[in-house]
Amino acid sequence: MEASRRSAVKPVIVLKPSKRFPLVEDTPGKASDALPLPLYLTNAVFFTLFFTVVYFLLSRWREKIRASIPLHAVTFPEIVAIFAFVASLIYLLGFFGIDFVQSLIIRPSGDVWSGEDYEEENEVLLHEEDARTVPCGQALDCSVPSLPHMARNVTAQRLFDEKPVRVATEEDARKVSCGQAVDCSLHSLPPRPPIVTSQKLFHEKTVIVTTEEDEEIIKSVVAGTLPSYSLESKLGDCKRAAAIRREALQRLTGRSLSGLPLDGFDYESILGQCCEMPVGYVQIPVGIAGPLLLNGREYSVPMATTEGCLVASTNRGCKAIHLSGGATSILLKDGMTRAPVVRFSTAKRAAELKFYLEDPENFDTLAVVFNRSSRFGRLQSIKCAIAGKNLYLRFTCSTGDAMGMNMVSKGVQNVLDFLQTDFPDMDVIGISGNFCSDKKPAAVNWIEGRGKSVVCEAIIEGDVVRKVLKTSVESLVELNMLKNLTGSAMAGALGGFNAHASNIVTAIYIATGQDPAQNVESSHCITMMEAVNDGKDLHISVTMPSIEVGTVGGGTQLASQSACLNLLGVKGASKDVAGANSRMLATIVTGAVLAGELSLMSALAAGQLVKSHMKYNRSSKDMSNLSS
């Protein structure tokens, strides 16, 4: 019995409107309700306008009679005055005669609600929070006269629910009040109605229903007595905390978040690792480019982007590569870096530590200390740079299938603690001294590499260049030299010797749960093109020294991002070889960049860029209407 009473699904009762219990009050509308100005200002404006144009038209009429001018010969000011006269007259008649007009044309509101055609069109859902199941035939405190009051607390707007609902008719209500047997398979009416918070229902698409307890919490957050960041720990329900924080934010700012979805997301999955103080989530469309034939295997590449033409262009590049036999990618290096900065009292002491760290005899000892931090992290090298009495130590290590920033940081901290024994005068200024260098364009990443260093190449047949890419080998080679090489050099580019590598990198990063900010160094790329096979075919390659990706940790564990990794066959940690999945992901990113570079350069060479963007990347919506 107890188990049957504790239903996990909260049922919903729908009250059918009738003549006795209308869902909305019969309040007649007025013409002034359609205007945003206060009533007294609206009336003053139209009264003034009405008498002004009447005086003007009568004066003009008198002048025309005196000058023997036909009355139908009107000037532009007279036309404007006539329109103003008609508009003000309509308003004044509507304002003072609305009740009379409605009585002649429109049925009373009570008759409207009582019609059979409207009974199913105006259902009001009353959600129960703490209801209890009552056996059939028991006396219930749910008399019929209380129903209209409860119904008025909920907006009479049709609400949809995916769950099946039971319709409580007026006859059922009379049976309950008389103690007769009624089908009580659902819960009884709630002891207290929910509080409905609605703001400008004709402009908002959502109605937030909160309990009295949630309403008190919202008021506390708005008042500042309850910190917003503590809602998850205090409530124990991440989604409820997000909903309360969202409503409090709307009240504090006076701005609506109706376009930002709340439902359909697992907020437990981001607690303490991906995002703090969530109020919803942003939806980004994911397109598929491919198949990309890379190293003898086909990949369907997911790309999350809002830029039109990007997926289509990359897809065209994949087609050209596939028709030409595929592309080949080679991993050159795999090592994440972290560079702390330490300071000594003299430059001599800083140099002594530099010589100590770069001595091969000391590397094994330092590697043992470093490798204690993780079973995947393995120290590869230490590179030092001095600036006066400050020393920058750039540690490089393998990190398995993780991107590895946290892993290398823990290993570096172990080494710094170990060095304090022999260098007690060493002052650690920061665990990161920007010699790493993370999320910033830096020559050290371009030259030394960071993360995965990959090169990818393909030979595109001349027929494919002409038929698929709609250009020629000679045009592509010339454009690549003048744009990607000479043009980038003229601009003083650092790692930017490409057409749009960042576009593809960022789209794949967002889709697969990588850190989008690391596209700064991950997009370092040089694109090379040259004619081969007596000038008939095109050899194209991209070299990317700093691709920072992982298949475990961070955003990769989220459902959507995990699905995209699974599509590529690199989800989670590799069961065979540590780091194999993350290295495979890096090669796929490089192959997709190769396809994107090939297609965009072809569009530029053929003069198709502007035409394609006007067709696929131009909004057809009137932004002024959206903003209003």
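Glycine is no exception: its Cβ is also placed from the backbone N, Cα and C atoms.
So that you can see what the record holds, here are the features copied from Swiss-Prot:
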- Glu307: active site, charge relay system (ACT_SITE)
- Lys439: active site, charge relay system (ACT_SITE)
- Asp515: active site, charge relay system (ACT_SITE)
- His613: active site, proton donor (ACT_SITE)
- Asn153: N-linked glycosylation site (CARBOHYD)
- Asn371: N-linked glycosylation site (CARBOHYD)
- Asn484: N-linked glycosylation site (CARBOHYD)
- Asn617: N-linked glycosylation site (CARBOHYD)
- Asn625: N-linked glycosylation site (CARBOHYD)
- 99-212: region 'Linker' (REGION)
- 213-628: region 'Catalytic' (REGION)
- 38-58: transmembrane segment (TRANSMEM)
- 78-98: transmembrane segment (TRANSMEM)
Within 10 angstroms of the C-beta of Asp515 (active site, charge relay system), what count of other C-beta atoms is obtained when all protein chains are considered?
18
Specify the count of other C-beta atoms within 10 Å of the C-beta of Glu307 (active site, charge relay system).
15
Who are the long-range neighbours of the transmembrane segment (38-58) in its own chain, taking Cβ under 8 Å and residues 6 or more past its ends?
32, 77-78, 81-82, 84-85, 87-89, 91-92, 95
Would you mind checking how many other C-beta atoms are within 10 angstroms of the C-beta on Lys439 (active site, charge relay system)?
16
In whole Å, note down how far the CA of Glu307 (active site, charge relay system) lies from the CA of Lys439 (active site, charge relay system).
23
Counting distance between Cα atoms, which of the recorded positions Glu307, Asn371, Asn484 is nearest Asp515 (active site, charge relay system)?
Glu307
How big is the Cα-to-Cα gap, in Å, between Asn484 (N-linked glycosylation site) and Glu307 (active site, charge relay system)?
22
For the region 'Linker' (99-212), would you mind checking the mean pLDDT of the predicted model?
43
Out of Asn371, Asn484, which of these glycosylation sites shows the lowest number of other CB atoms within 10 Å of its CB?
Asn371
When DSSP is mapped onto helix/strand/coil, what comes out for Asp515 (active site, charge relay system)?
coil
If you measure Asn371 (N-linked glycosylation site) to Glu307 (active site, charge relay system) at Cα, how many Å is it?
43
